[in-house]
Amino acid sequence: MASIRELHQQLINKERSAVEITTEALERIAAIEPQVKSFLCITADRALETAKAVDQKIAAKEEIGLLAGIPIGIKDNMSTKGIPTTCGSRILENFIPPYESTVTQKLQEIGAVMVGKTNLDEFAMGSSTENSGYQVTANPWDLERVPGGSSGGSAAAVAAEECVVALGSDTGGSIRQPASLCGVVGLKPTYGLVSRFGLVAYGSSLDQIGPFGRTVEDVAIVLGAIAGYDAKDSTSLKLPIPDYTTFLNPSLKGVKIGIIEETFGEGLDSIVAETVNKAIEQLQALGATIERISCPRFRYGLPAYYIIAPSEASANLARYDAVKYGIREEAATLLEMYNKTRAKGFGSEVKRRIMIGTYTLSAGYYDAYYLKAQKVRTLIKQDFDKAFESVDVLVCPTSPTTAFKAGEKTDDPLSMYLSDLMTIPVNLAGLPGMSIPCGFDQQGLPIGLQLVSNVLEEGKLFNVGYAYEQSTEWHKQKPPLK
């Protein structure tokens, strides 16, 4: 499937119609879905309706934006009016939202074609998409392996060319880690840059919506479309949004890059370390100056996150009581109905995180756990602040390993949590981070390089990511799907 700019050119030159592009995407989904299972819901009627409207605009010689007529997948934790939004949970099995999320509304208004809602770990809690209450998504590079998570459906859909781009959400690495495992580009923007209105909350101080694409330019285009102030989101930043494509510079002359020392230690696969080091050498060859940077509190990100995120989740998920929507288990009393509904509706990982969160917020433990974790969070942010005094962009592996086999870590939550070791501190500090493909292991599984910049400096990520991408061929590789 071509890039956004290539498809846009074909549309305005009338070489292809939006309906033809959409039909091709829907046919690809029909052919690939039995193997990959990226989507929970295919929105063919709405997609073709949007595509027809784009074709009518072109016929009337009206100007269209870059995303008009472009097939896009939406993670199924973003509210879509009249279309099921399950969050990958049985508790929301029959839920059809009465309102549209800000990001999907923005995309709808510019004519982007939503082809479906993608699979995810239940309520975005997980790193493999195995926690979905409906199906397990496969990694397009090896169908026996996981695509990462929690936005595994979106990453797999883009890698398998079922859509051109997709939206995911990232609370502790849920865009960047699956992007790494599926060999695509994934961006977590600065906290507050993209509206969270209509995103079903997991960890409200950490969640952020961002794009997946096969190229850095595609991701930059989508970010430009979804970013911006929204009065419906109190954490939304009131700032002008630049044209992110202006940062796509193939030269890195004058760019200072820091290698986060703490990420090259225990638990990192040797092939991942070797591949990432080669990528760093390439950045140097493109003109960047490289130095080693210490972020001493980086390693405490994981334990701090697994106190803060479950604490916020336990409060956010208290609203699922079956009174007004979702599945309901009948019972003699209201309390019994709550208990039976939540016991049946939530999966084991969600229950685990609710329990952890309830415990850490309870009297007698709040100061010892939650408050201490928030203090650690502040120290991690201070480490990043100090690092950005001397460098423009920080680099490290996105994930300590390549994709693991489905079922391999389901009985070992701690091992699963370690998948987000490199990505979590970026969320805790509210910074933008992007994963770009930088090679493959001996089994042909993708490896990602994580780029991190200071608050609201996504442009620097696009500069470094684009320069690296244009000087390599990794983004052109395609999974061996039949």
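Using N, Cα and C of the backbone, Cβ positions are placed for all residues, glycine too.
Going by Swiss-Prot, these are the annotated features:
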ACT_SITE  Lys75  active site, charge relay system
ACT_SITE  Ser150  active site, charge relay system
ACT_SITE  Ser174  active site, acyl-ester intermediate
Those residues of the chain, 6+ apart, with a Cβ under 8 Å from that of Ser150 (active site, charge relay system): Gly88, Leu120, Asp121, Ala124, Met125, Gly126, Ser127, Thr129, Asn131, Gly168, Ser169, Thr171, Ser174, Pro178
Same chain, 6+ residues apart, C-beta under 8 Å of the C-beta of Lys75 (active site, charge relay system), given in sequence order: Lys117, Thr118, Leu120, Ala124, Ser151, Gly153, Ser154, Ala166, Leu167, Gly168, Ser169
Local backbone state of Lys75 (active site, charge relay system), from DSSP in three classes: strand
Ser174 (active site, acyl-ester intermediate), number of other Cβ atoms within 10 Å: 37
